[in-house]
2 protein chains.
Amino acid sequence: MSEELNGNCLIAQSGGPTAVINSSLAGAITEALNHPCIEEIYGARNGVIGILQEDLVDLAEESQQVIRGLRTTPASALGTCRYKIRGQEDYDRILQVFESHNIRYFFYIGGNDSQDSADRINALAVERGYDLRVIGIPKTVDNDLVATDHCPGYGSAIKYLCTTVKEMACDAQSMGNHDYVGIIEVMGRNAGWMAAGTSLAKRKDRPEDPPHIILLPEVPLSPQKLMEDVQRILQKERFCLIVASEGLVDEDGNYLTTSGGATDAFGHAQLGGVGEYLRNLIEEQFGIRARAAKLGHAQRAAVHCSSETDNEEAFLAGQAAVKAAVDGETGKMVTLLRAEKETYECVTGLAPLTEVANGVKRLPADWINENGISMNHQFTKYAQPLIQGEISPEFENGLPNFVRIRGRRVEKNLEPYEID
Amino acid sequence: MSEELNGNCLIAQSGGPTAVINSSLAGAITEALNHPCIEEIYGARNGVIGILQEDLVDLAEESQQVIRGLRTTPASALGTCRYKIRGQEDYDRILQVFESHNIRYFFYIGGNDSQDSADRINALAVERGYDLRVIGIPKTVDNDLVATDHCPGYGSAIKYLCTTVKEMACDAQSMGNHDYVGIIEVMGRNAGWMAAGTSLAKRKDRPEDPPHIILLPEVPLSPQKLMEDVQRILQKERFCLIVASEGLVDEDGNYLTTSGGATDAFGHAQLGGVGEYLRNLIEEQFGIRARAAKLGHAQRAAVHCSSETDNEEAFLAGQAAVKAAVDGETGKMVTLLRAEKETYECVTGLAPLTEVANGVKRLPADWINENGISMNHQFTKYAQPLIQGEISPEFENGLPNFVRIRGRRVEKNLEPYEID
């Protein structure tokens, strides 16, 4: 235990939201209240943009109802952004804002880009001799952060996807008089974690269950093999359900589709349209009736069908971040680790931000079956525990009742700061 | 009460499934067991195809667990079809199958095409002097059957859509630093009931809530007006959520998009792609970032987020059909009627199949606000009661546990019959 550091804490959310990112926020706030060394509990509006613009809110003023409601409210209650920090000038400003508000604890809930930013903020504070503790809290439906067994947000996303696959499979099967191919396009830019997760929709020891074909970015698409797979399945089942990752690549390793070649602020290709691409391929070229669905952002927001396990672990990760910082840790990200037991048990750990920053955890190649379109028991063993348990928002008048933070603004001390 | 008619009953499901069509099946089976005049309870596999091919199953053999599980199992447990009856030859065959299996009660769960078929079967039986009672049971997410206040399946579909809209709105709002347009393409070929239903996602007296723009097939799309609406909303909200009906038409009344001009067995245009069409319009022509989601068949299968009210009414409709037939009614469809009370109460009635067959109930023009992109309080008053209450399938190992009927085949008496 290092010496006690007194001061304020700041929590920010970054990147694309998940169904449980607010559960981590609730966990961090709840835990911060337990530690007298943490004086004020602030949140940054819209991630790093709120820090740069000194747009902070006082989270200790939120009601207990709101903190509880956050656990079943999707998306980032503080707001988020995809702003790419522009370099030294921005980092200097961040530290200036921290100093001005006596921020001594910084908790950043985000994916790998955010952990990279957190790492740089931490390094700068060390360099300048500013006493600051920085702890990252993982979140991403993509499940692609390294050092952690899995990421909060992933379990809920695949629980929703599996439920939808099961329902759409019932639908397609009941229309049983015609050959029909249903395609569900799912998120997953570089790793097929989301698409792979839908394999849990198969019943135990029923590899022939839908989804019949899982197309992963790890396996380049061969139209010829796809045609053979589809025809084999149609012969047996009369319908074929395909789950396709948005990040699908051709045999040269190029993305099958990009939406007008657009890229985001980090230079990532904005993908979309794989489902329609495959529909067209199957319908026009193979002559088989096909329909594509694209669940879009619903995949990362569907708290109405989220995993209790995921929700609890997200909360736990928020708590663990605060505990670690109070204990003197900095420059780390909370990790979720699997206890080596017969039954699943999750504990938290810490990994250096430098290790996490910009790393990408690949779907292990040996978890993909040789047929290239399904996952083996190692994947099932890994993913099954993550979707266990149901948690639902409170419903009012027939619809989920989501909370909004009141968000009393903290008074600004500095001159305004321009961003793009 | 007419004289007692002894014999067997046959239940069939037709057309596109809903989240509650099996609840109507469960209601009909449960009620049929109460009436000794109904001897055997048969189901036809895959709708009218099963009747033509004498592919019948014995529903009385199903376990109580299965009958209960049907209430929360999506799609048509008996199977369904979109087969268009070919004329006299097919109708003759249907009656031949009925006679061969002493079918005296026929319950057809379906939309307007199915009610038309039921009407013709009834007329033929009358013409041939074959004592048969035919009662239709309404179902369609499209909510476009005439004579009934609303259709089983609709309430659940819009509850799911509203939930998804609320979740996607949280997501879009939390990404608040950029102008962003989210588009959700929803079902609805000729009437905008499904799209209109998403207006319930707005909080009371908050017309500015998402969905900000509802594009109905009843209101031809003006790109100029859409641009103005989108820009006005972005100025105020920084994001704009659009719900677009798949059946959107241009100012000449032509569908904006059809998937390769394909039509189904009834000659209806197979629609799809309105979301991507609008995304392209908004992104390429207006220069605003946009993303489209297309929930596809999930909309009619999402029993995990279905309406308890809808589920109960679907069950009630199944029961009412059997009661009516036993009471001597024929050539009717069960209707759902709203008791004239302050609080919502639903009772069943009967309407002649001739009235229902091929009619289409339009969304009342005076329920659409003058701005053409939102619904008024009359719509809210109509639709709000239909989404009340939550019902969920049993979850096992993290996922919904749907039932399958055992489906013991009834022995065939006739020669095989060829269909296309």
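Keep in mind that glycine also has a Cβ here, set from the backbone N, Cα and C atoms.
Any TrEMBL annotation is an automated prediction that lacks curation.
Residues or ranges marked as domain 'Phosphofructokinase' in TrEMBL: A:9-324. Summed and averaged per residue, pLDDT over the domain 'Phosphofructokinase' (A:9-324) gives 93.
Sequence-distant contacts (6 or more apart, same chain, Cβ under 8 Å) of A:GLY16 (diphosphate binding site) comprise A:THR80, A:ARG82, A:GLY111, A:THR140, A:VAL141, A:HIS297, A:ARG300. The feature diphosphate binding site is assigned by TrEMBL to A:GLY16.
The feature Mg(2+) binding site is assigned by TrEMBL to A:ASN112. A 10 Å cutoff on Cβ-Cβ distances gives A:ASN112 (Mg(2+) binding site) a total of 23 other Cβ atoms nearby, all chains included. In the three-state DSSP assignment, the secondary structure recorded for A:ASN112 (Mg(2+) binding site) is helix.
Per TrEMBL, the feature site 'Important for catalytic activity and substrate specificity' maps to A:ASP113.
The annotation site 'Important for catalytic activity' is assigned in TrEMBL to A:LYS139. Take the CB of A:LYS139 (site 'Important for catalytic activity') and look out to 10 A: across all protein chains shown you find 34 other CB atoms. The DSSP secondary structure for A:LYS139 (site 'Important for catalytic activity') is coil.
In sequence order, A:GLY111, A:CYS151, A:TYR154, A:MET187, A:GLY188, A:ARG189, A:ASN190, A:ALA191, A:TRP193, A:MET194 are the residues near A:ASP142 (substrate binding site), counting only same-chain partners six or more apart with C-beta under 8 A. The substrate binding site annotation in TrEMBL covers A:THR140, A:VAL141, A:ASP142, A:MET187, A:GLY188, A:ARG189, A:GLU246.
Summarising the annotation, TrEMBL assigns active site, proton acceptor to A:ASP142.
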All-chain count of other Cβ atoms within 10 Å of A:ARG189 (substrate binding site): 18
A:VAL141, A:MET187 as binding-site residues, winner by CB count within 10 A: A:VAL141
Whole-number Å value of the largest CA-CA distance among A:THR140, A:VAL141, A:ASP142, A:MET187, A:GLY188, A:ARG189, A:GLU246, listed as substrate-binding: 16
8 Å Cβ shell about A:THR140, A:VAL141, A:ASP142, A:MET187, A:GLY188, A:ARG189, A:GLU246 centroid, substrate site members excluded: A:ASP144, A:VAL186, A:ALA191, A:TRP193, A:MET194, A:GLY247
Candidate recorded positions A:ASN112, A:ASP113, A:GLU246, pick with smallest Cα gap to A:LYS139 (site 'Important for catalytic activity'): A:ASN112
Distance [Cα-Cα, Å, rounded] between A:GLU246 (substrate binding site) and A:ASP113 (site 'Important for catalytic activity and substrate specificity'): 20
Which listed residue (A:ASP113, A:GLU246) has most other Cβ within 10 Å, given these are recorded positions: A:GLU246
Neighbour count (Cβ, 10 Å) for A:GLY188 (substrate binding site): 28
